[in-house]
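Asker: Let me give you the structure first, and then I'll get to my questions.
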Ligand SMILES: Nc1ncnc2c1ncn2[C@@H]1O[C@H](COP(=O)(O)OP(=O)(O)OP(=O)(O)O)[C@@H](O)[C@H]1O
Ligand SMILES: [Mg+2]
């Protein structure tokens, strides 16, 4: 072909190739490398050469082999056909699970991300004569039984509708709307492209004030994440990062999940892929895969594609956000992604600053989390959507004092700190309640006040405070023995045990306790804190703690979360606990009035 810009390989260094011979090469340009035409992206341009990160295995590449420039940036192909599919980091569809675990041999093959032969039933929503511009919805397609795909005018395109196809079946390449735009004719199909390294534009950012409900009590009640927020889940080896993130993809109330399996073992992702089609969405009764997209870049796949996978995933998430959906983007694990960055930086001869990571590591981490948010989308009809970003962080040796964890914590609003000791004791989820934080908690409390109970903030704060005080008392108790503590301190310890066992601890596996509704979370906590208040009054009025410890309801409070009758069982137990304490009071001729607020207020 004439006009092709061709150069040649000068040097190969792992996933990075140094090439020469194309003087007008651009940063970020996609190139094809070597005789096989391996996909690569220009990551640095110098005076007489340029560096390419190659997204495929570079073994066997030799100097002097050709390099061809495309003039295009690395893009995501967007349109119907994404949902329910599995892609690698540069959006090549993976057809079978075997591709994940077997040796990754696919090289130089160009496969279209969206299938070209599938016909989608397109229902137009514009008519001849309408004026349309960036982001306007021109029609819809039922992409899966769970997701209606809203086909939008690509960013930067506008014009007057000249022709619209009738409702019917079309492929992603068939023109469905024809525009007249400044005297030119523009054909719109159901597919469009977007450069993955650029955030997609929106009309306006909206505050993140609604919780992403996960059904895990320690998260929803104590360390919530807002829809459109950013959260990190750091934890050492085997502490439960992946299990927790799977929970989020299965049970959270986001409409769409984009799951980036990034540098994890192939069999981990393969397992998940086997699980997803059989797992049923609790709200719709449909397979979860019908609202999920998986980007898989396992540890046996090329490291550059792992670097790109994060951007690919977030771009796809933004695209559905712009359609008006709440999307959760999960990256497991961002540490493996950062390692990919480090390796490429090393090959490029960048100066390492912290533990071998390049100086731009914090910027890259910030860029990733900042692509989360709740927005008003461009175009009409008016709609809002969100991308909630969640990243696992795997600090080596579980030591949080390392660059990826430190910088990540600067840019996220929530941290669920996994704890090796808790995991070792099989207290799951092993989220440490003293180290975790959520900056969304205050604003999300308003949602709880409105939707669950005006008393929620009070219970939440006091319970957290009680847990903190209890940890201090525990330290003393470990020296003097619990029996030597005054009764009020023993009551604090007892209540904190009830909260840990009956509230914080929650199975991820099966049964009633897998997903806990907000109202049930509230009633469990209310029961435990009201138990504390009443018991405290009794103790102040000289009733011995031993008498309270004898209540069989204490054990029940730790177990009622599993009762299949759900909320009703909690409310019934609540009544019984209160009646039992009143009975003790009566027996001792004590009147219960004031709350014990001052203790753990
Ligand atoms: N919420 C939970 N409920 C029950 N068991 C859990 C829970 N979380 C973790 N586990 C147990 O811990 C094991 C390890 O969890 P997981 O694979 O999620 O850890 P990880 O932090 O992702 O590990 P890695 O560092 O290897 O990626 C699980 O196989 C499971 O047995
Ligand atoms: Mg894991």
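Here the Cβ of each residue, glycine as well, is placed from N, Cα and C on the backbone.
Straight out of Swiss-Prot:
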BINDING   235, 236, 237, 238, 239, 240, 241, 242  ATP binding site
Asker: Taking 10 A as the limit, how many CB atoms besides its own sit near the CB of residue 235 (ATP binding site)?
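Answerer: Taking all protein chains shown, residue 235 (ATP binding site) has 30 Cβ neighbours within 10 Å.
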Asker: Looking at the binding-site residues 236, 238, 240, which one has the fewest other Cβ atoms within 10 Å of its own Cβ?
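Answerer: With the binding-site residues 236, 238, 240, fewest surrounding Cβ atoms within 10 Å: 238.
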Asker: Compute the centroid of the Cβ atoms of 235, 236, 237, 238, 239, 240, 241, 242, then list the same-chain residues not in that set whose Cβ lies within 8 Å of it, in sequence order, for the ATP site.
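Answerer: Not counting the recorded site residues, we get 394, 418, 423, 430.
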Asker: Please go through the binding-site residues 236, 237, 238, 240, 241 one by one and keep those whose C-beta falls under 6 A from any atom of ligand 1; give the result in sequence order.
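Answerer: The qualifying binding-site residues are 237, 238, 240, 241.
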Asker: Test of understanding: give the count of other CB atoms lying within 10 angstroms of the CB of residue 237 (ATP binding site).
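Answerer: Taking every protein chain into account, the count is 12.
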Asker: Can you list which of these binding-site residues (235, 236, 237, 238, 239, 240) have a Cβ closer than 6 Å to ligand 2?
Answerer: none
Asker: Could you say which of the binding-site residues 239, 242 has its Cβ with the most other Cβ atoms inside 10 Å?
Answerer: 239
Asker: Specify the count of other C-beta atoms within 10 Å of the C-beta of residue 241 (ATP binding site).
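Answerer: Residue 241 (ATP binding site): 25 neighbouring Cβ atoms within 10 Å.
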Asker: Return one of helix, strand or coil for residue 238 (ATP binding site), based on DSSP.
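Answerer: In the DSSP reduction, residue 238 (ATP binding site) maps to coil.
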